[in-house]
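Enquirer: Below you will find the structure I want to go over with you.
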Amino acid sequence: MSFHHLCSSPSSLLHDPLPLCNLLSVYPKSTPRSFLCSYNPNSSPFHSRNLLQVTHVSVQEAIPQSEKSKLDDADLPIPTPTASKSYVWVNPKSPRASQLRRKSYDSRYSSLIKLAESLDSCKPNEADVCDVITGFGGKLFEQDAVVTLNNMTNPETAPIVLNNLLETMKPTREVILYNVTLKVFRKSKDLEKSEKLFDEMLERGVKPDNATFTTIISCARQSGVPKRAVEWFEKMSSFGCEPDNVTLAAMIDAYGRAGNVEMALSLYDRARTEKWRIDTVTFSTLIRIYGVSGNYDGCLNIYEEMKALGVKPNLVIYNRLLDSMGRAKRPWQAKIIHKDLISNGFTPNWSTYAALIRAYGRARYGDDALVIYREMKEKGLSLTVILYNTLLSMCAYIGYVDEAFEIFQDMKNCETCDPDSWTFSSLITVYSCSGRVSEAEAALLQMREAGFEPTLFVLTSVIQCYGKAKQVDDVVRTFDQVLELGITPDDRFCGCLLNVMTQTPSEEIGKLIGCVEKAKPKLGQVVKMLVEEQNGEEGVFKKETSELIDSIGSDVKKAYLNCLIDLCVNLNKLERACEILQLGLEYDIYTGLQSKSATQWSLHLKSLSLGAALTALHVWMNDLSEAALESGEEFPPLLGINTGHGKHKYSDKGLAAVFESHLKELNAPFHEAPDKVGWFLTTSVAAKAWLESRRSSGGVSA
């Protein structure tokens, strides 16, 4: 009898040809301990630091190299050119042995490949399949059947071929032929046919083995139905099959995709402890699991473990990491990952650029986002409406007016997407915050022409725009439109009206009081008491203002108080401004305004509006005067005012520039620190002398 060599294992059949006798002897057996009986998903801590031995593996694992060496070194019979039963023994260690083995098998193997191709292309019926097999020109042995089926790709003819071979050759290990047929279905991602063939196996009395389940599980994963993969995995024990660590590693991915995060992470914990080999697909799923759950450090830990173990991330993993860092608002880490991607030889694809735009846009990294945007345009990649809107929203937030117009024009010229309500909202916000009335009105008109009614957010921006331009009548007109549309003003809308009042000449403020009273009666009462000098009983203003603070959301409390203090300063009502500031301190709306140490006393103004900052300066100077001139308290060597070094996003000036001018008007000895931007410092001696001169000259106002 001739011996025709098979591949190294039933799961990976064609890498190293071996005789059928050796193939059967190394076929996977159910030797490990029972997973379902003994495995406890919580048996080891999830944060184990044991590292994995990781290589790129498929769901089915080839015979280890050591086993292949043993098989290659065995005393193998070398077929003679004729198919006779006689053969000559050749020393397996001689060079001639491997040459003869290869020469004798290659010819046969090539013929079987051609047979597989012919069966793939023939009509899927028994007659045509039988004709192709009969025309092979020689007797097919069991190992020939395995090789032929393993090289087929047509899921329609493969089961017919299988039935023909089972009937004509009566194989000793039918399960092997079924398993390689299942591989054909896996290639075509046909889970339905895989499951049907499994039922036929059982009807024929063929007992499935580990490779059977592993192939079907792999088919379910590749077909995008991880829940079915889980179901097949959990059937294994009922057939006496024990999953090996390759299958278990694949199930981390399947459980993760199926939504059973707890089991996926438990298996991963076991993988770390027992040093399973895990593929990049499974690592990608783990990163997705952590990203969805908000554990962004977990995403980075997986990435670092991969690098430590020498597993090269693929582009999918890089894109998922970038997306996670975008959700985490960690643009600096997105930059690092992007650099790693490039340095490892990958070319960014559309998903890469989209993740970067989302990461930089959400974090308001304007320049970085625009670089990525322009790179996409240079490569001819189209943006979606969401990406355009992300860029426009970023521009609105940081005041990139010209860039927003450029992006909007590009979007209008794009054939793949049209502006939506969010698009127009962002564009109107950009123009409104910069006081470009005509552009904001044009954008509002375009929005209506496109079929979108303006939202409260849009109308709030329009009112802000008219306020900046001091077009009070248009503010009132727009407010009336809000009521006509049946929209209920919210806290932010009322805060915008209040902010407009701080920019309105005193003689026109009365036009806005009626709007404020309609929008929020309690706010209208407080504003009326300020503007119309309603003194009333002592403590009434404080009571009304306290009730207002209690009635608004925590996210707008500071904005309301800043505007009320600004209004007081504009109306030259410093006592009321101080009263409101004190309320802000009592409610912990303003925190950390003053600090003291052995070497420096400081006033911190970074989070305040100009009027609130000037009021806080007045209060601090009075406190300093009382401490030094009345209580005799010793000053530390330095006194400082911290205004911050930033500027308003829609203005060329920041608080520091305004304060520098104001301190000069007061003849205060504070000078901008050369090594600390936004800080104004003075010595205790200079401060004391200045406070004494102010008291002697009767200066009381800051």
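Don't overthink the numbers, they just go from 1 along the chain as shown.
Just so it is clear, glycine is given a Cβ too, placed from its N, Cα and C backbone atoms.
TrEMBL: automatically predicted annotations, no manual curation.
According to TrEMBL:
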type	residues	note
DOMAIN	603-688	domain 'Smr'
REPEAT	174-208	repeat 'PPR'
REPEAT	209-243	repeat 'PPR'
REPEAT	244-278	repeat 'PPR'
REPEAT	279-313	repeat 'PPR'
REPEAT	314-348	repeat 'PPR'
REPEAT	349-383	repeat 'PPR'
REPEAT	384-414	repeat 'PPR'
REPEAT	420-454	repeat 'PPR'
REPEAT	455-489	repeat 'PPR'
Enquirer: For the repeat 'PPR' (174-208), what are the DSSP-based totals of helix, strand and coil residues?
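Expert: Summed by class, the stretch gives 28 helix, 0 strand, 7 coil.
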Enquirer: Which sequence positions outside the repeat 'PPR' (420-454), separated from its termini by at least 6 residues, show Cβ-Cβ distances below 8 Å to it?
Expert: 385, 388-389, 392-393, 395-396, 399-401, 404-405, 408, 411, 461-462, 464-466, 468-469, 471, 485, 649-650
Enquirer: What average pLDDT is reported by the model for the repeat 'PPR' (244-278)?
Expert: 79
Enquirer: Mind tallying the repeat 'PPR' (384-414) by DSSP state, helix then strand then coil?
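Expert: Counting residues by DSSP class gives 27 helix, 0 strand, 4 coil.
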